[in-house]
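According to TrEMBL, the feature transmembrane segment maps to A:20-41, A:139-162, A:189-210, A:230-255, A:275-298, A:310-332, A:344-368, A:380-404, A:416-440, A:452-473, A:493-515, A:595-617 (among others). Annotation comment: TrEMBL describes A:40-558 as domain 'Cytochrome oxidase subunit I profile'.
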Amino acid sequence: MLDQIKEFASGFFVTGDPLIYGADVAIAMTMIAVVSVLTYFKKWTWLWREWLTTVDHKRIGIMYVIASLLMLFRGGVDALLMRLQLAVPNNDFLTPEHYNAIFTTHGVIMILFMAMPLMFGLFNLVVPLQIGARDVAFPFLNSLSFWLFFFGAMLFNVSFVIGGSPDAGWLSYPPLSGKAFSPGVGQDFYIWGIQISGIGSLATGINFVVTILKMRAPGMKLFKMPMFTWSVLSSSLTILLAFPILTVTIALLFIDRYFGAHFFTLDGGGNPMMYINLIWMWGHPEVYIVVLPAFGIFSEIVATFSRKRLFGYASMVFALMSIAVFSFTTWAHHFFTMGSGADVNAFFAITTMAIAIPTGVKVFNWLFTMYRGRISFPTPMMWTMGFIPCFIVGGMTGVMLSVAPADFQFHNSYFLIAHFHQVLIGGVAFGYFAGLYYWWPKVFGFKLNEKIGKWAFWLWNIGFYVCFMPQYALGLMGMTRRMSTYGWDRGWWELNLTSTIGGFLMGIGFLFQVWQILHSIKFMEKDTTGDPWDARTLEWSIPSPAPHYNFATIPVVDSKDAWWEEKQRLVQGEAPKPKPPLEPIHMPKNSGIPFIMGFCWFVAGFGLVFDWLWMAIPGLLGVAGCMLAHSFNYNTDYYIPVDEIKATEAAARRSV
Amino acid sequence: MNLTRGMRRLAALSSLIGMTVLLSGCMDKFYVLDPKGPVGRHQLDLIIISTLLCLVVIVPVLILTFVFAWKYRNRKDSKAAYQPEWEHSTKLEMTWWGIPILIIIILAVITASYTYKLEPSKPLEHPAKPITIQVTSLDWKWFFIYPEQGIATVNYIQFPADVPVKFELTSDAPMNSFWIPQLGGQIYTMSGMAMNLNLIADKPGTYFGTAANFSGKDFGKMTFDAIATTQAEFDKWVQTVKQSAPPLTQDGYDKLAEPGTMGTQDYSSVPEGLFEKIVTKYTGPNGHQHVHKVEENLPVNQDGGGEAPESSAHHHH
């Protein structure tokens, strides 16, 4: 009996690596600490009532941000481990198996469990406030989306200590990811982690399309929407069309692995090329899904800190939407070297280059928003200024990669690695950081410390160039991605060492950001204005943090920069617009079902990973039970009485 | 204030570039920039053309970014113009839609023509008769068959310089990619089909070759030397291999195909039709589509012997 348990445990838990034992201890201690703190301060009920069951978009947004920053930490540690391994030749710091697992989890986590939730966090924190709404269109679904993401991400992360991580690359190409070449459970964690969170992402896409189309304040026509809202719309529409492809592709991979089908296997008529096409039909739009909102963020920030209207609003909208459309026509540029022939390669080369046009136009419009402005440079604007040169150089190498015959020399080399990190870090990460710094005071009611923030900015920026510029060179020197080690004879180690130093500079930058947040929580003054940047859009017209009903009375909009125009009228001595009398506000009720359903999915996913039907079936029944329970729940909403609104507004020192 | 930051950043950047050049020492390690064959040379031309075309837009934008940020920075005594309401100019917007469109059109035309010209399956124009090397990517080694010479090697190839080399490529393991940067770009090796890649080495030399598509555990160890020699040296090498190396049997191949790494190896002979067998081995009873593809597109020598017909050795999709 004891032997059986021992045998089971040695297969079940990941063993044999001191790094992983260290992680085990760290995870166990963190969990004990969290549980002890919650118990000691008697916070369990508070946690459940205020957070786990909340359907308030602002709180869901905060949970997304916290979860994504934790994932940024994990993905970042993965990155630094890789850079340590590659810092010197013939290094055996990591075994090849461990290295392969780490670059796989680094990619999956950074894109799906860091960038996506950080993006959804910003959607949630900002969009309803920007369009003058009291919540998203489907608050219950919104909470469900979060918990599906959360439990999907946890399922994926569990593979680190239980069963073993996936190690076939972030897109898990078959046949390598098939049962024949990856018999372990790592790939199954990959499949179920992504499937569960993917349903959540699709639902969030639907939620924000409907929210933006149906819930704008009266008078806010589409072409009066703030640019960030436009970017969220374009991104959400892209999610709507792209994520079903991911779900189907991963489902087919699951059917291959679980039922022994032959969609993508080598034998039995399977065709791995089909998977590669399908996964990139999602994967390419995916990178635009994450970068489009960053474009929206920069548009808001540039206008605010240049104290000027956004230049070329209509062409900005047109550019966003055409990028969203074109993102679906370029997938095959990820495998020009598959031998599809000159016709196919020429077509996809040209569609890929074409995307550079609207993207370039956006940069010009930002520059001419600055032109004849009065620019100040607090941290959100600094990140924007860091973004522009970084992104256009990344864009340039992107155009170079799109030249199909030249791509035969760049493909899968470190040149490619440098390129996509430059657009994903320089574009997406810098963009989301800028957005976090910009909207932080709206969410929490105080600004983040500027001095520490500037340290973080410079560490990240210098670190970025030190890390990735050498990688362009390494690509031209023939170093291919995913090599777990290399010899002295290649002449690669100096550049690799430089790159590693750069990676650690960015890591220190991240620590500065953590310090900045902790320091600011303790020391920063509360912002009583609700509009600390003297900004332009509706979210700044209400107190910070926003009351949970957002707007005591729904604003009426008659221009693009609605709040700025309102302020201008006041400056010119006009009387503020008369506000309609307060009415009771209709709000959605909290619900524990999304959390429970997410947990049931986790149980089902874990059961399917290990092929334990005794666990998977109850899990799936739990999911069905949650759906039924919610279908018959008619007690989903309530009204906030006028007195309570008055009291809340008075506490925020607002006249109503 | 911003300029000093900008300058600091520029200084950091330029010192970085300087360091890069210094540290990396000699340029000849930049294989892609130092091509030794016509394919790699054309690809380098294209890299240079696309870089220059992009710089036409990138450089002004970089300059404008710093100039605008400096000139319009907020300070009390700023004499710079301030037009907070200015938000549209058809003329300006036409300019920055127009110029990128123009540049992309130019680049698109050049790219399309090079795409046809450099289609890897297209035989290269050269007076000499091409030599064929059949490449199989295995876990985690490269296996090369010389059908015309009847020999085989593992993890290195030798071939005459200034003679076109026609690589026929497949995989008997998860897909990979075959890349000799100094000779020209890579192509995937995939099971169930034979891809074609045509390259030439101008001069004798030893060129770095590598696997470029992740294929599992020891993928990182799949580098190989591509050695171009004179025709005479090549013939002599073939003779030596034939005389001194062991033969490869089917069993020997099966053993070779098992996952693992190894050094270099020569074989004085190979079982007849081995490459064709590797290519067709995954087309089982359910593999109609594949059988079709193989029949149509492969240099199948099912009755053994004979040379692959030139025109049929082409992978379509």
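Start at 1 and count along the chain as shown; that gives each residue its number.
Just so you know, glycine gets a Cβ as well, placed from its N, Cα and C.
Given the structure is predicted, the values throughout are model-derived calculations rather than measurements.
Listed as Cβ neighbours of the transmembrane segment (A:493-515) (distance under 8 Å, sequence separation of 6 or more from its ends, same chain) are residues 72-73, 76, 79-80, 83-84, 86-89, 433, 452-453, 455-460, 462-468, 470-471, 473-474, 477, 486. Tertiary neighbourhood of the transmembrane segment (A:380-404): same-chain residues 294, 298, 301-302, 305, 333, 336, 345-346, 348-349, 352-353, 356, 359-360, 363, 366-367, 410, 415-416, 418-420, 422-423, 425-427, 430-431, 433-435, 437-438, 453-454, 457, 460-461, 464, 472, 533, selected by CB-CB distance under 8 Å and a gap of 6+ residues from either end.
The list of residues near the transmembrane segment (A:20-41) in space but at least 6 beyond its ends in sequence, with Cβ under 8 angstroms from a Cβ of it, reads 13-14, 47, 160-161. Non-local neighbours of the transmembrane segment (A:595-617) in the same chain are 52-53, 143-144, 147-148, 150-152, 154-155, 158, 163, 185, 188-189, 192-193, 195-196, 258, 623, 625-627; each lies 6+ residues outside the stretch with a CB under 8 Å from one of its CB atoms. Within its own chain, the transmembrane segment (A:452-473) has Cβ neighbours under 8 Å at 83, 379, 382-383, 386, 390, 397, 414-415, 417-419, 421-422, 425-426, 430, 433, 437, 495-496, 498-510, 512-513, 515-516, 519-520, counting only residues six or more beyond its boundaries. With a cut-off of 8 Å between Cβ atoms, the residues of this chain six or more beyond the transmembrane segment (A:416-440) that come close are 65, 110-111, 115, 118-119, 122, 125-126, 287, 290-291, 293-295, 297-298, 300-301, 304, 378-381, 383-384, 386-387, 390-391, 393-395, 397-398, 401, 410, 446-448, 453, 460, 464, 467-469, 471-472, 474-475, 481, 513, 533, 539.
Confidence in the domain 'Cytochrome oxidase subunit I profile' (A:40-558), given as mean pLDDT, stands at 96.
Here the transmembrane segment (A:139-162) has long-range neighbours at 12-14, 20, 23-24, 27, 53-57, 60, 63-64, 67, 71, 74, 105, 108-109, 112-113, 116-117, 120, 124, 185-186, 189-190, 192-201, 203-204, 206-207, 588, 591, 593-595, 597-599, 601-602, 605-606, 609, 630, 636, meaning same-chain residues at least 6 beyond its ends whose C-beta is under 8 angstroms from one of its own.
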